[in-house]
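TrEMBL has this to say about the protein:
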DOMAIN    67-221  domain 'EamA'
REGION    401-423  region 'Disordered'
TRANSMEM  65-86  transmembrane segment
TRANSMEM  98-116  transmembrane segment
TRANSMEM  149-167  transmembrane segment
TRANSMEM  179-198  transmembrane segment
TRANSMEM  205-223  transmembrane segment
TRANSMEM  229-251  transmembrane segment
TRANSMEM  263-287  transmembrane segment
TRANSMEM  299-317  transmembrane segment
TRANSMEM  324-344  transmembrane segment
TRANSMEM  356-373  transmembrane segment
Amino acid sequence: MKKHSARVAPLSACNSPVLTLTKVEDERSHDSPAPAEAQAQAGVEAGGRGSRCCWKCSIAQLKKFFWGVVVVLGVCSSWSISTQLAKLTFRKFDAPFTLTWFATNWNFLFFPLYYIGHLWKSAVKQYPQQRYRECCQFFGDNGLTLKAFFTKAAPFGVLWILTNYLYLHAIKKINTTDVSVLFCCNKAFVFLLSWIVLRDRFMGVRIVAAILAIAGIVMMTYADGFHSHSVIGIALVVGSASMSALYKVLFKLLLGSAKYGEAALFLSVLAVFNILFVTCIPVILYFTKVEYWSSFDAIPWGSICGFSVLLLTFNILLNFGIAVTYPTLISLGIVLSVPVNAVVDHYSSGIDFNSFRVIAIVIIGLGFLLLLLPEEWDEWLIKLLTRLKVRKKEEIPEGNGDIVSGLQNKSRRTRPSMSSFSH
């Protein structure tokens, strides 16, 4: 009891708890709004911020989708028109390796074009030497040395040349529709190599896509009756797709991921390798008359330069389009080039697409689209299904409640009241 009396001392009128609480409430009422008003104000501010955030997010997504449509159309048009131009070029200039060499030299423009974009977009401007030194760190701590050039750039230069040469050589053998659709199999080859070499996550749907791609290749071969001419062309395209897949997987294995400036410098270095070490091959092919042309005036420079510019545009959009849109949309441009080439082949060359060829195109296209699914697609699908189930469960009790309340109101209206029988 002594302890309790020490804690609770007798209070006088001046320090009574009722008066103290009243004073505090009066001070709070003058300084800040009431709790209900404060909560309402906070809710309005939070709602305003949320609506602003949603508005900004929706505008950003719309911009990204708009640029995605632009990039898709650019990828589709550049890839399909360059393929058609290559087909037209070979009618007057039958030299696929020389055309590959000439178009690869244009890759030298990658880094200068990137630096122009850096000056236009970046807040902190750098001199070309400074930007070059920073991007050279991609090849190692010592930068772009002679050893790094031969060990990290030269092998990819060889794969780049093989990919483009096999693709162009296949255009001479078969129509452009078959070439473009068969090259779409490179995404399936990338998955298989990544699964084997890089130990990427196993996905059943991508295995199905790879099987569809292989089935499409077999059906495409069967559509032409296994003729030697078409079989060689199909083999060349499959080889080109394989080289492209090997390029991508080895790049990820040996060099990892690259920033925009590093990727631009790397592609320009491939052009330097092409100029220094591959130039001798077109010269040898010319003097051995494997790829021979009568005079330089007979070379269709317009179509050759047009093909090179379109191929450069395609590679720019493919490598740097991710800066403005989603990677999936960029890949869709390659698939859309197939029907474009099919329409052009049908009206320009009169190519008849039989049922086997159409089925093969559809199968390969379906496999390509399955490979575009993200790795977490199954988790997203499960979440979507669970949300739909929860909504259905919430809607059913509400509907039953409305029915029950309606029946109760109806029974009340039909039940006779005691006041009607009173006298």
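Positions of Cβ are set from backbone N, Cα and C atoms, glycine also.
Outside the transmembrane segment (229-251) by six or more residues, the chain places 155-156, 159-160, 162-164, 166-167, 169-170, 172-174, 178-179, 182-187, 189-190, 192-194, 197-198, 217, 220-221 with a CB less than 8 A from a CB of the stretch. Outside the transmembrane segment (263-287) by six or more residues, the chain places 95, 97-98, 101, 104-114, 132, 135-136, 138, 144, 149, 153-154, 156-157, 160-161, 255, 293, 315, 319-320 with a CB less than 8 A from a CB of the stretch. Long-range contacts of the transmembrane segment (324-344) within the same chain, counting only residues at least 6 positions beyond its ends with a Cβ under 8 Å from a Cβ of the stretch, are 64-65, 67-69, 71-77, 79-80, 83-84, 175-177, 179-181, 183-184, 187, 317-318, 353, 361, 365, 368-369, 372, 374.
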